[in-house]
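Asker: Below are the features I grabbed from TrEMBL:
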ACT_SITE  B:LYS206  active site, proton donor
BINDING   B:LEU9, B:GLY10, B:CYS11, B:GLY12, B:THR13, B:VAL14, B:GLY15, B:THR16  NADP(+) binding site
BINDING   B:LYS106  NADPH binding site
BINDING   B:GLU191  L-homoserine binding site
DOMAIN    B:10-130  domain 'Aspartate/homoserine dehydrogenase NAD-binding'
DOMAIN    B:138-316  domain 'Homoserine dehydrogenase catalytic'
2 protein chains.
Amino acid sequence: MTDISVGMLGCGTVGTGVLTLLKRGAKQIAESLNVHFKVKKIAVKHPDKKRDTELTENMQFTGQIENVINDPSIQIIIEVMGTLNEAYDAIYQAISNGKSVITANKELIALKGPQLTRLAHEKHVDLYYEASVGGGIPILRVLSDSLITDQITGLTGIVNGTSNYVLSAMKNDHNSYEESLKQAQELGYAETNPVNDIEGFDAAYKLAILSQLAFGQTINLKQLNRKGIGQITTEDIKGASRLGLTIKPIVIAREKHHELYTLVGPVAVSRQYPLATVNGVENSILVTSTALGTTSYTGPGAGSEPTANSVMSDLLTVTHHLLLDESGTSFNIPVNHIKEHSLLDLPLKYFVAINETTVDKLESFINHSEYIENVVRINHSYFLITSSLVKGKKAELVAFFNKETKGSRFYPLLK
Amino acid sequence: MTDISVGMLGCGTVGTGVLTLLKRGAKQIAESLNVHFKVKKIAVKHPDKKRDTELTENMQFTGQIENVINDPSIQIIIEVMGTLNEAYDAIYQAISNGKSVITANKELIALKGPQLTRLAHEKHVDLYYEASVGGGIPILRVLSDSLITDQITGLTGIVNGTSNYVLSAMKNDHNSYEESLKQAQELGYAETNPVNDIEGFDAAYKLAILSQLAFGQTINLKQLNRKGIGQITTEDIKGASRLGLTIKPIVIAREKHHELYTLVGPVAVSRQYPLATVNGVENSILVTSTALGTTSYTGPGAGSEPTANSVMSDLLTVTHHLLLDESGTSFNIPVNHIKEHSLLDLPLKYFVAINETTVDKLESFINHSEYIENVVRINHSYFLITSSLVKGKKAELVAFFNKETKGSRFYPLLK
């Protein structure tokens, strides 16, 4: 039996999940791998807080991250504290100290993943982060393993459970945005300050990580076309539904002619589209590649044990490498520098929601336009499906509706 | 650059796909792994047949399997010929000769997988077979990797594309079973003799392989509750549809109180059930486990390149092990000997299709039965949804309908 000493940074929801799974799986791990994991030290804000003694038996809690990352007896660090700069410094130091690292920190990997991966290579240690995207779905493993011989050409996914919960509740329970968000907060699916989830930042980080693995390129988050879900009204959802569409919080990255087209925001999808039935806090990612065609991976996008299970997968991979003296690999990241665009630069169909308007002018326009495929009117609002529009033509339509109506919202549409 | 010599047994659809992906990925493989795959010899029935010379440059075709498996310069054997006894003998010999083996042969692995895996362990070579289930979906990898720390409690899937294509066509195009099967044959989705797919043998093999990885137990195919799709009428599909149900070709394995409950056959699923929208030749597998909850994996269940891509994943894993002198692993198979039952031994809801009948007696029965939750009548046929029935109660209902009607069909129902 080999003892592997582990240090943990943070002990919140995910950290507690990891301790639970380590305890529950100890016998099985011992039998299959002949390994015993010993969590020696855990760095937390309040080391004196009362904790579940069964889970934390023989573990030392400390207020100092340095006590963990500089302990020469600790071989693997699990980072589940979820800050940016503090986590970066800690992981940088841990890797420099020759420790392999597992993290669930999406912001960190989205912004600093490639640097930290390079450092880990140099230091011959591992850096894994399956838990950072898609909760318990083993999506990074799949992308990383498929990459060498297959060529990924597109990713489309629902990766933020909070936004998906809110939009699902608006559609299925006919609640307002505010009511749905409040419900999500009460259930623990949304934070008190929900801006990170609702405005698409969290989804953008996850898209960046997926793109690193799928296209060898982290996306430029400052230039990314990112929209939140705060502007979506129950009327838009109703109008979409009447046209056979559902509005979903989507991330997209597509490679076309060796350039990358990306988007984070609400998208109208048809009822047949695979993501249409992904409801509540569930996540789902569609991967399109040359050999495989489209495959999809669906599961719980958050939660203590699902996310912790991804950490456990990484822990077993890292341990396997340690035992074979084969550390220094990581998820397989190719390196690319291709041009980035907004997905809206490509020809796309749109679902358009139009507020109260002068009926005559609009009706005449709609009846004579070759770009409108379907239309439904609910009270004073109009809801349209356009044909596929190039960028310039869409701008013309936006300008026309801005002039002739009290406001319009354009949602990209996926069939 | 390391040369890896490969021998192939068979060169049909999947074999040609493998050669295509090897050629297409050669540069990428060389750059990432510093490896060059050299397919030296391919055993086929007709070695003199004309073949694509670009794909088969410098490869030697032979009519003798022995020429390939006994060639001491060949390190890895890819078996894609798809027979049972011949393949078993060849793979047994190849492993005994110290070669690692990759196979797409589901019948072989379902029936002889555990023996061959043991032999591979003894001889310190690898045996991988991702392509045997779910075409391009990396489902075996996912099961094998999740197993060590998570506990799988249930598998439900659509794993036979032919049956799913036929039932999808019956439902969506309102064609008869015969017309739909003919269409599938014309499109190359069904063989001239379709019995293997239509009668559920193929699905049963795949369930056995999935169970080996998920539960450590290959299922007893002789005792398995297996039903084909040949008895399903368009009326049943219509009646199901009126009750919000879709009939799908399903495989199920569930662990309950340390016993295994299995089923292969048509099952009625509700519109909300994740497999309801899996159409045509697509495959999808739902995995339920203690930590993760339910995750699902969906993609092309057959086809040259998707299946070949799974062979390529295995080839890269096996090569990685070869280079590190770490061969002798395989998919992680636990060993269990738990009791097997038919899923129908558990309490289940049923969708029941009843042919022409004496209306009075049936109506009175239905109106007074506490076991009927919903009913719809189309012409002279009745379609029912029962409440959850224990085995004895179901037998009573079957007996009653057998006596009072011109025939009934019971389909297990999943919500």
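Heads up, the Cβ atoms here are built off N, Cα and C, so glycines get one too.
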Asker: Under the DSSP assignment, what numbers of helix, strand and coil residues are found in the domain 'Aspartate/homoserine dehydrogenase NAD-binding' (B:10-130)?
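Answerer: Helix, strand, coil within the domain 'Aspartate/homoserine dehydrogenase NAD-binding' (B:10-130): 56 helix, 22 strand, 43 coil.
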Asker: Beyond B:LEU9, B:GLY10, B:CYS11, B:GLY12, B:THR13, B:VAL14, B:GLY15, B:THR16, what residues of that chain have CB atoms within 8 A of the centre of the NADP(+) site's CB atoms?
Answerer: B:MET8, B:GLY17, B:VAL18, B:VAL80, B:MET81
Asker: Would you mind checking how many other C-beta atoms are within 10 angstroms of the C-beta on B:GLU191 (L-homoserine binding site)?
Answerer: 13
Asker: What is the number of other Cβ atoms found within 10 Å of the Cβ of B:LEU9 (NADP(+) binding site)?
Answerer: 27
Asker: In sequence order, what residues of the same chain, 6+ apart, have a Cβ less than 8 Å from the Cβ of B:GLY10 (NADP(+) binding site)?
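Answerer: Long-range Cβ contacts: B:ILE42, B:ALA43, B:VAL44, B:GLU79, B:VAL80, B:MET81, B:GLY82.
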Asker: Taking only the Cα atoms, work out how far B:THR13 (NADP(+) binding site) lies from B:GLU191 (L-homoserine binding site), in Å, as a whole number.
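Answerer: Answer for this pair: 13 Å between alpha carbons.
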Asker: Over the domain 'Homoserine dehydrogenase catalytic' (B:138-316), work out the mean pLDDT and round it to an integer.
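Answerer: When the pLDDT values over the domain 'Homoserine dehydrogenase catalytic' (B:138-316) are averaged, the result is 94.
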Asker: Between the Cα atoms of B:VAL14 (NADP(+) binding site) and B:LYS106 (NADPH binding site), what distance do you get, rounded to the nearest Å?
Answerer: 13
Asker: Using Cβ-Cβ distances, find the residues under 8 Å from B:GLY12 (NADP(+) binding site) that belong to the same chain and are at least 6 apart in sequence, listing them in sequence order.
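Answerer: Expected: B:VAL80, B:MET81, B:GLY82.
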Asker: Please give me the CB contact count at 10 A for B:VAL14 (NADP(+) binding site), counting all chains in the structure.
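Answerer: Total other Cβ atoms inside 10 Å, all chains included: 26.
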Asker: Taking the Cβ of B:THR16 (NADP(+) binding site) as the centre, count every other Cβ atom within 10 Å, in any protein chain shown.
Answerer: 19
Asker: Roughly how many angstrom lie between the C-alpha atoms of the residue listed as 'L-homoserine binding site' and B:THR16 (NADP(+) binding site)?
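Answerer: Cα-Cα, rounded: 19 Å.
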Asker: Look at each of the recorded positions, B:LYS106, B:LYS206, and point out the one with the fewest other Cβ atoms around it within 10 Å.
Answerer: B:LYS106
Asker: Given the recorded positions B:LEU9, B:GLY15, B:LYS206, find the one whose Cα is closest in space to the Cα of B:LYS106 (NADPH binding site).
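Answerer: With Cα distances computed to B:LYS106 (NADPH binding site), the winner among B:LEU9, B:GLY15, B:LYS206 is B:LYS206.
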Asker: Around B:GLY15 (NADP(+) binding site), how many other CB atoms lie within 10 A of its CB?
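Answerer: Its Cβ has 24 other Cβ atoms within 10 Å.
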Asker: Sequence gap of 6 or more, C-beta under 8 Å: which same-chain residues meet both conditions with respect to B:CYS11 (NADP(+) binding site)?
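Answerer: Same-chain residues close to B:CYS11 (NADP(+) binding site) (Cβ under 8 Å, separated by 6 or more) are B:LEU19, B:ILE42, B:VAL44, B:ARG51, B:PHE61, B:VAL80.
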Asker: Please state whether DSSP places B:LEU9 (NADP(+) binding site) in a helix, a strand or coil.
Answerer: strand
